[in-house]
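Peer 1: I'd like to ask you about the structure that follows.
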Amino acid sequence: MAKAKFERNKPHVNVGTIGHVDHGKTTLTAAISAVLSKTYGGEVKNFAQIDNAPEERERGITINTSHIEYDTPIRHYAHVDCPGHADYVKNMITGAAQMDGAILVVAATDGPMPQTREHILLSRQVGVPFIIVFMNKCDMVDDEELLELVEMEVRELLSEYDFPGDDLPVIQGSALKALEGQPEWEAKILELAEALDTYIPEPARDIDKPFLLPIEDVFSISGRGTVVTGRVERGIVRVSDEVEIVGVRPTTKTTCTGVEMFRKLLDEGRAGENCGVLLRGTKRDDVERGQVLAKPGSINPHTTFESEVYVLSKEEGGRHTPFFKGYRPQFFFRTTDVTGTIELPEGVEMVMPGDNIKMVVTLIYPIAMDDGLRFAIREGGRTVGAGVVAKIIA
């Protein structure tokens, strides 16, 4: 069977369902697939296909995730749904499924529950920029006032975590009734799709962001100078661009005098490409793996940050024992390990394998970082945790 060609003509947006267990995330995912494919064309995925989420491994962590795709007239969406709460935690922290926006599913029959709150907090910590609310099971609530009350509660909860609770879209619907084909409830799914189209802005493509290349290797070429190699993470570097070398040591400026790929000289290196960048007047010993090459002023080196961390379970190849304050592992950022110390939240004495935890990390030397940067925690080359920079402190 021939592979379907990927149509590039519509903007591509990544979304996902979040919310408390049994509030109807997977049913809603199936309803979106059914209603949108019926209305705008496309392949339908039923509940069983979505619910039977395949196991994936991201940095050694086992995550069950379902991926579906659907179209609206103006966009193409990739949507992730996870069967279990632990899968959401892992997914959001590792960035296995980066979300441009999330659909928070809240059952009108229950209102916000503990995992509702935890998923909102996680979204805030890992940098999910936009949330849309789908109040589900509204067909089971006869009382108009009760629906208003639940909506108010959800909006207040979102505001508590710095999302614009008063302004974001809340759609009242029933995923099950929409899935059964009842027109009044199908209309609510179309309303949700319209909210996705209008409320979540089109994400900036990697190529349009400021240039960044994590340095993997450094060579000196006699008569030409120093070449750094790596995969361009974002943006474009052109010959004669001024660039900064950031992290590990004090930041220095230099100029790109050449770009090479597969031994050919190019005018530019673009996001996603592996290339070598020739640097003017830079000595071989001035640069090392673990630094980044970046557009001047676009990224700064930092040592201390608040992070959200998932600690691998024993079954995932992680630690067999808890760790305590004073733990000093390596933190792997992009291409290199840096030793760091941790500070646990007040009242937390130890962290067990399989836990997720907020911690403040202080590295022994600075690394180029922004909020949202992912890292691994390692001991002697073995991954024992995954984390994300939630807030830079220093």
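Using N, Cα and C of the backbone, Cβ positions are placed for all residues, glycine too.
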Peer 1: Check each of the ranges 41-44, 53-56, 81-84, 381-384 against Swiss-Prot and return the one annotated as region 'G3'.
Peer 2: 81-84
Peer 1: Examine the ranges 136-139, 320-323, 344-347 and name the one recorded by Swiss-Prot as region 'G4'.
Peer 2: 136-139
Peer 1: Do you know offhand how many angstrom separate Cys138 (GTP binding site) and Thr26 (Mg(2+) binding site) by C-alpha?
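Peer 2: Counting only the Cα atoms, the answer is 16 Å.
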Peer 1: Along the region 'G2' (60-64), what average pLDDT does this model show?
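Peer 2: It averages 85.
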Peer 1: As a quick check of your reading of DSSP, tell me how many residues in the region 'G2' (60-64) are helical, how many are strand and how many are coil.
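Peer 2: Taking the region 'G2' (60-64) as a whole: 0 helix, 4 strand, 1 coil.
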Peer 1: Is it possible to get the count of other C-beta atoms within 10 angstroms of the C-beta of Thr26 (Mg(2+) binding site)?
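Peer 2: Around the Cβ of Thr26 (Mg(2+) binding site), 21 other Cβ atoms lie within 10 Å.
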Peer 1: How would DSSP class His85 (GTP binding site) in three states?
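Peer 2: Where His85 (GTP binding site) sits, the three-state DSSP reduction gives helix.
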Peer 1: Give the number of CB atoms, excluding that of Gly19 (GTP binding site) itself, located within 10 Å of its CB.
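Peer 2: A count of 26.
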